[in-house]
Amino acid sequence: MRVLGIETSCDETGIAIYDDKKGLLANQLYSQVKLHADYGGVVPELASRDHVRKTVPLIQAALKEAGLTASDIDAVAYTAGPGLVGALLVGATVGRSLAFAWTVPAIPVHHMEGHLLAPMLEDNPPDFPFVALLVSGGHTQLISVTGIGQYELLGESIDDAAGEAFDKTAKLLGLDYPGGPMLSKMASQGTAGRFVFPRPMTDRPGLDFSFSGLKTFAANTIRSNGDDEQTRADIARAFEDAVVDTLMIKCKRALESTGFKRLVMAGGVSANRTLRAKLAEMMQKRRGEVFYARPEFCTDNGAMIAYAGMVRFKAGVTADLGVTVRPRWPLAELPAA
């Protein structure tokens, strides 16, 4: 069984083909980073138009990469939400149209379920149950996962997501968009301990996050100190350490409250090397396991949508020919498979 996956929720056009016996057969990705760089962030209208230009050519490229034709595809999965409404509509419209033309089922996929299941693409996938840390530019959530669709929200950010805080702080430091990875690179040159940032909401019970205050703290620190390269690197180091420590503390609490021994982290920020190292160290001390996808599957991609589509297709999830997307879509609303 082969599923074509289409991802167009934000500023990456991702197309992939997943085979339930052979695994990933094709993976095509186009990033719009250069398109949005001059604006310092994603411009929704430009994102939608670029998806229109790139989606079909990337589908053709994926079929060629896999050595397949349209008749070899058994279902078409597409991201139905959450995300930018215009961008979502491009992928949903193309996906539904192809499914109709090819007389195969269309499968709407939740973007964050795609991220959550991305580690399943690896050679050593996690078993249920586990705690999932979903950490990206738009989401920071801790989820109890006991099966497909069996998701309980344990905690989430009450304001900025961790990835959003990374990008905003990077902008304060004069770094180009997208700033998160560039901030991490700068932080690697920083001196630990020169500046100490707070660890938000770790001084009280609960599993919620708050990162907007860190951005304000960073802005004040930047204004109060010199603008030389080393000072900026030291501030970047202090900021990254604060975010990573906060995420680690909350993950530890979530594991303690659930009693689970496995931790899965997914989403764009899960590619952060410092975060990976700290969580791996923590899980080793707890005699548990940590799982994450390879870096290219941490950010938005079609492979995770194709895989999640396969899982949902086998569970009997399909859609009619109407084009419906959900820019806001709580993960907990998904049915169990």
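Cβ coordinates come from backbone N, Cα and C, glycine included.
Among the features that Swiss-Prot reports, Fe cation binding site is placed at His111, His115, Asp300. For Asp300 (Fe cation binding site), applying a Cβ distance below 8 Å and a minimum sequence separation of six or more within one chain yields Glu7, Ser9, Cys10, Asp11, Glu12, Gly14, His111, Gly268.
Annotation source Swiss-Prot lists substrate binding site at Leu134, Val135, Ser136, Gly137, Gly138, Asp167, Gly180, Asn272. Residues within less than 8 Å, Cβ to Cβ, of Gly180 (substrate binding site) and separated from it by at least 6 positions along the same chain comprise Gly137, Gly163, Phe166, Asp167, Ala170, Gly268, Val269, Asn272.
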Nearest-integer angstrom distance between the alpha carbons (Cα) of Leu134 (substrate binding site) and His115 (Fe cation binding site): 8
Cβ-centroid neighbourhood (8 Å) of the Fe cation site, His111, His115, Asp300 excluded: Glu7, Ser9, Thr79, Met112, Gly114, Ser136, Gly267, Asn301, Met304, Ile305
Listed in sequence order, residues with CB under 8 A of Val135 (substrate binding site) and six or more positions away: Gln141, Ala161, Ala162, Gly163, Leu247, Met265, Ala266, Gly267, Gly268, Val269, Ser270, Leu275
Lowest local Cβ density among Ser136, Gly137, Gly138, which the record lists as binding-site residues, within 10 Å: Gly138
Whole-number Å value for how far His115 (Fe cation binding site) lies from Ser136 (substrate binding site) (Cα to Cα): 10
Euclidean distance between Cα atoms of His115 (Fe cation binding site) and Gly138 (substrate binding site), Å: 12
